[in-house]
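See structure below.
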Amino acid sequence: MLKVLIPTIMLIPTSCLINKKWLWSTTTYQSLIIAIISLTWMKWDSETGWTTSNLYLATDPLSTPLLVLSCWLLPLMILASQNHMMTEPLIRQRSFIILLITLQILLTLAFSSTEIMMFYVMFEATLIPTLIVITRWGNQTERLNAGTYFLFYTLAGSLPLLIALLFMQNNLGTLSMLTIQYTNNMNMPSWGEKIWWAGCLLAFLVKMPLYGVHLWLPKAHVEAPVAGSMVLAAVLLKLGGYGMMRMMVMLEPLTKDLAYPFIILALWGIIMTGTICLRQTDLKSMIAYSSVSHMGLVAGGILIQTPWGFTGAIILMIAHGLVSSALFCLANMNYERVHGRTLLLARGLQMILPLMAAWWFILNLANLALPPLPNLMGELMIITSMFNWSYWSILLTGLGTLITASYSLYMFLITQRGPAPAHMLALEPSHTREHLLVILHLAPILLLMLKPEVMWGWCL
């Protein structure tokens with residue numbers, strides 16, 4: 001654990017002290033080395049599943065893929081932000097990179113903590129750097145409104161969780177993930193148990209987000225700079241899914257009865273957000289709503305509590321994290337050239353940037369879960385376990401899959417095909433940095449097809 005944490009912390013003095021000329025390249029290289037070192041976590045040799053470095057930090061096969069994903073994302077965020085940050089004063093460039101590094105440290109601590117209270121503190125602490133990135137480096141004045149939505153939705157969901165955790169600590173005497181499964185059940189009246197169950201899960205359902213408490217997400221995505229959108233889509237939403245999986249161990253007997261409304265809301269949300277995507281005019285908003293749709297499927301897979309549902313959820317979280325982050329990168333590349341996110345004003349780019357159109361095509365196919373990509377594997381596992389839970393769920397999940405395919409192809413056709421508008425003159429050509437950025441997103445997705453047990457190893 002420390003072999004990744006200490007070099008990441010050392011990135012902060014590096015970015016403070018290094019010469020302006022080498023700031024972006026050095027931080028990119030150092031963070032990429034850290035990401036490569038983090039791949040060593042994939043080697044599991046512990047019989048209990050946990051590989052501990054001390055009493056409070058440990059990795060297991062559930063947290064490892066998400067830890068590696070968050071480490072992998074830091075160099076990509078720095079790469080994606082270079083172009084639009086170059087015009088800023090040096091102090092702002094340094095503070096932007098430091099915020100991204102701080103976010104990486106907090107995420108690493110959140111995913112590797114063995115104490116639930118420590119996980120809660122880190123879960124909340126990720127709010128601060130993300131909020132500063134959105135409200136300081138966002139594009140429009142609505143960024144302040146988006147920041148307020150983001151803060152209050154997340155905090156309103158998190159306070160019941162804090163009370164539920166304190167109550168649990170008082171009753172059980174421990175909040176350690178290593179020992180809590182061996183403790184006795186909590187003694188509460190039946191209505192108290194139900195409120196406690198809702199308190200434990202509400203924060204994570206808001207963070208995922210579940211349809212109904214999702215309004216903060218499109219606002220935050222649309223107003224955030226590219227690095228903010230990338231980390232939100234790829235890792236911060238996955239904190240919700242990870243937290244739900246961890247809490248399910250303690251909520252075992254209650255979930256079977258209480259999860260029904262949430263599963264139905266998640267499935268209904270897949271269809272609702274999919275149809276919202278079909279009538280979007282804003283490119284980033286469209287990708288943001290598609291994230292809500294995919295995370296609805298993940299929430300359903302976790303709540304039905306079967307091994308297949310859990311495995312499908314973790315696979316879909318990893319695959320969706322990489323694909324949606326890459327789509328936000330491509331949307332930003334369009335924005336840097338056309339200076340607008342409106343779909344109608346940025347058509348026919350295939351004629352001008354043909355290689356970029358190939359990246360758009362591949363990533364849209366990945367978004368609609370083309371076989372044999374891990375996206376399809378995750379979706380099929382969740383849909384199968386849903387079908388086993390209730391035959392009627394196939395109507396909602398099947399329709400959701402069709403709508404996903406529709407808006408993914410619509411997104412590709414409207415941005416890339418057709419004649420280029422007359423107002424698009426002298427667009428900048430694509431750069432090697434941009435192609436490298438997309439390749440670094442695509443490579444893990446393609447490699448996971450060859451060795452998928454890296455993601456579902458915890459289930460074996």
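For all residues, glycine too, the Cβ spot is worked out from N, Cα and C.
Using DSSP to sort the residues of the domain 'NADH:ubiquinone oxidoreductase chain 4 N-terminal' (1-110) gives these counts of helix, strand and coil: 82 helix, 5 strand, 23 coil. Marked as domain 'NADH:ubiquinone oxidoreductase chain 4 N-terminal' by TrEMBL: 1-110.
Feature annotation from TrEMBL assigns transmembrane segment to 21-42 (among others).
The transmembrane segment feature in TrEMBL is assigned to 62-81 (among others).
If you look up TrEMBL, you'll see 93-111 (among others) marked as transmembrane segment. Listed as Cβ neighbours of the transmembrane segment (93-111) (distance under 8 Å, sequence separation of 6 or more from its ends, same chain) are residues 4-5, 8-9, 11-12, 15-16, 20, 23-24, 27, 31, 57, 63, 66-67, 70-71, 73-74, 77-78, 81, 85-86, 118-119, 122-123, 125-126, 129-130, 132-133, 137, 227, 231, 235-236, 239, 242.
Residues annotated as domain 'NADH:quinone oxidoreductase/Mrp antiporter transmembrane' in TrEMBL: 113-404.
What TrEMBL records for 117-137 (among others) is transmembrane segment.
Nonlocal intrachain contacts for the transmembrane segment (149-168), taken as residues 6+ away from its ends with a CB within less than 8 angstroms of a stretch CB, comprise 116-117, 120, 123-124, 127, 130-131, 134, 175, 186, 196, 198-200, 202-207, 209, 213, 215-216, 219-220, 250. As annotated by TrEMBL, transmembrane segment applies to 149-168 (among others).
Residues annotated as transmembrane segment in TrEMBL: 195-217 (among others).
Among the features that TrEMBL reports, transmembrane segment is placed at 224-243 (among others). Long-range Cβ contacts of the transmembrane segment (224-243) within its own chain (Cβ-Cβ under 8 Å, at least 6 residues beyond either end) map to 62-63, 66, 69-70, 73, 76-78, 80-81, 84, 96, 100, 103, 107, 110-111, 119, 123, 126, 130, 133-134, 137-139, 143, 146, 203-209, 217, 284, 287-288, 291, 295, 298-299, 302, 313-314, 317, 320-322, 324-325, 328-329, 332.
If you look at the transmembrane segment (258-279), the same-chain residues 6 or more away from its ends with a CB under 8 A from one of its CBs are 194, 197-198, 201, 205, 210-212, 214, 286, 289-290, 292-293, 296-297, 299-300, 303-305, 386, 389, 393, 396-397, 399-400, 403-404, 406-407, 410. Sequence annotations record features per position, and here TrEMBL assigns transmembrane segment to 258-279 (among others).
The transmembrane segment annotation in TrEMBL covers 286-304 (among others). Cβ atoms under 8 Å from those of the transmembrane segment (286-304) belong to residues 205, 208-211, 214, 217-218, 221-222, 229, 233, 237, 240-241, 244-245, 248, 255, 259, 262-263, 266-267, 269-270, 273-274, 276-277, 280, 310, 312-313, 316-317, 320, 324, 327-328, 331, 343, 367, 379, 381-383, 385-386, 389, 393, 397, 400, 403-404, 407-408, 411 of the same chain, restricted to positions at least 6 beyond its ends.
Taken from TrEMBL, the feature transmembrane segment covers 310-331 (among others). Long-range neighbours of the transmembrane segment (310-331) within the same chain, counting only residues 6 or more positions beyond its ends whose Cβ lies under 8 Å from a Cβ of the stretch, are 62, 65-66, 69, 73, 76, 80, 221, 226, 229-230, 233-235, 237-238, 241-242, 245, 283-284, 287, 290-291, 294-295, 297-298, 301-302, 341, 356, 359-360, 363-364, 366-367, 373-375, 377-382, 384-385, 434, 437-438, 441-442, 444-445, 448, 452, 455-456, 458-459.
The transmembrane segment annotation in TrEMBL covers 390-413 (among others). Distant neighbours of the transmembrane segment (390-413): 267-268, 270-271, 274-275, 277-278, 283, 286-287, 290, 293-294, 296-297, 300, 360-361, 364-365, 367-369, 379, 382-383; these residues of the same chain sit at least 6 beyond its ends, with a Cβ under 8 Å from one of its Cβ atoms.
If you look up TrEMBL, you'll see 434-450 (among others) marked as transmembrane segment.
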- For the transmembrane segment (195-217), could you work out the same-chain residues 6 or more beyond its ends whose Cβ comes under 8 Å from its Cβ atoms? 123, 146, 149-150, 152-154, 156-158, 160-161, 163-165, 167-168, 186, 188, 232, 236-237, 239-241, 243-244, 247, 250-251, 254-255, 258, 262, 265-266, 268-270, 272-273, 288, 291-292, 295-296, 298-299
- The answer for the transmembrane segment (62-81), taking Cβ pairs under 8 Å and residues 6+ beyond its ends, is 4, 8, 24, 27-28, 31-32, 34-35, 38-39, 41-42, 44, 96-97, 100-101, 104, 107-108, 111-112, 225-227, 230-231, 234-235, 238, 242, 245-246, 314, 317-318, 321-322, 325, 329, 332, 433, 436-437, 440-441, 444, 454-455, 457-458
- Query: Residues of the same chain, at least six outside the transmembrane segment (434-450), with any C-beta under 8 angstroms of its C-beta?
  - Reply: 72, 75-76, 79-80, 318-319, 322-323, 325-326, 329-330, 333, 355-356, 359, 362-363, 366, 372-375
